[in-house]
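K.L.:
Reproduced below are the annotations present in TrEMBL:
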- 5-191: domain 'Phosphoribulokinase/uridine kinase' (DOMAIN)
- G10, G11, S12, A13, S14, G15, K16, T17: ATP binding site (BINDING)
Amino acid sequence: MKPLLIGIAGGSASGKTTIAQCLKEEFEQTRSVVIIREDDYYKDQSEKTMAERVKTNYDHPFAFDHALMIEQIDALLAGQAIEKPVYDFVQHTRSTLTEVVEPCDVVVLEGLFVLEEPELRKRLNIKVYVDTDADIRFIRRLMRDVEERGRTLQSVVNQYTETVRVMHEQFIEPSKRYADVIIPEGGSNVVAIDLLKTKISSIISPNML
Ligand SMILES: Nc1ncnc2c1ncn2[C@@H]1O[C@H](COP(=O)(O)OP(=O)(O)O)[C@@H](O)[C@H]1O
Ligand SMILES: Nc1ccn([C@@H]2O[C@H](COP(=O)(O)O)[C@@H](O)[C@H]2O)c(=O)n1
């Protein structure tokens with residue numbers, strides 16, 4: 001049977017990773033769910049200096065290697081393992097590491113453009129948009145980027161006002177219209193996450209429902 005492909009889009013720090021992780025953990029014992037993060041397909045910038053890397057607009061679709069992402073998703077859908085890139089947010093480029101991902105019953109794609117990019121969208125069986133207010137997203141991003149992504153408070157504020165906010169309005173927010181399911185507030189929406197878990201259960205063990 002072809003794997004079920006679930007796409008989770010939404011603004012930066014809306015809760016996409018948190019929801020995808022919740023789904024994966026629920027089915028950990030059966031290893032039925034694998035997560036593919038669009039962030040891992042940011043273009044390699046190892047040839048650029050750090051000063052040049054910092055200037056990249058990371059919220060524009062051109063920042064991503066969507067061709068490689070689509071090629072690897074098609075491989076997973078065809079039942080083949082992939083060796084995917086791993087992104088290093090501190091260095092603003094691909095890590096030297098890669099990760100082997102085995103095919104699974106359910107593939108969860110999460111990232112800014114998974115509903116906006118037509119070639120990704122048309123492959124999705126279930127399209128989810130995580131709809132979290134901008135002020136909450138900004139606060140979450142500020143805390144996360146300082147703690148985990150090696151950023152300063154001032155750099156997060158500058159990036160948010162110069163690119164993140166405007167690109168969100170241009171590309172991400174309009175992609176909500178493609179969603180089958182809209183989840184307000186992200187990871188704290190237990191009811192919505194339970195509905196997705198039930199759907200996944202019905203796919204991987206249809207006789208148990
Ligand atoms: N419901 C929530 N309440 C509080 N913090 C949250 C919630 N959901 C996510 N976070 C935190 O916000 C940050 C961004 O969440 P994440 O799931 O990584 O968002 P995204 O993948 O959309 O960028 C993380 O540090 C995460 O722990
Ligand atoms: N070198 C980079 C690459 C990306 N970003 C930001 O990450 C955001 C996307 O990831 P989320 O987990 O927040 O969805 C995106 O908004 C980019 O601005 C970065 O800061 N540095």
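Using N, Cα and C of the backbone, Cβ positions are placed for all residues, glycine too.
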K.L.:
For ATP, what surrounds G10, G11, S12, A13, S14, G15, K16, T17 with a Cβ no more than 8 Å from their Cβ centroid?
P.N.:
V130, T132, R137, R140, G186
K.L.:
Return the single residue from the binding-site residues list (S12, T17) that has the minimum number of other CB atoms within 10 Å.
P.N.:
T17
K.L.:
What binding-site residues among G10, G11, S12, A13 have a C-beta sitting less than 6 Å from any atom of ligand 2?
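P.N.:
The ones that qualify, in sequence order, are S12, A13.
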K.L.:
Determine the mean pLDDT over the domain 'Phosphoribulokinase/uridine kinase' (5-191), rounding to the nearest whole number.
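P.N.:
That stretch averages a pLDDT of 96.
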K.L.:
Taking only same-chain residues 6+ apart in sequence, whose CB is under 8 Å from that of G15 (ATP binding site), what do you get?
P.N.:
V130, T132, R140, I183, E185, G186, G187, S188
K.L.:
Mind giving me a neighbour count for G10 (ATP binding site)? Other Cβ atoms within 10 Å of its Cβ, every protein chain shown.
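P.N.:
There are 29 such Cβ atoms around G10 (ATP binding site).
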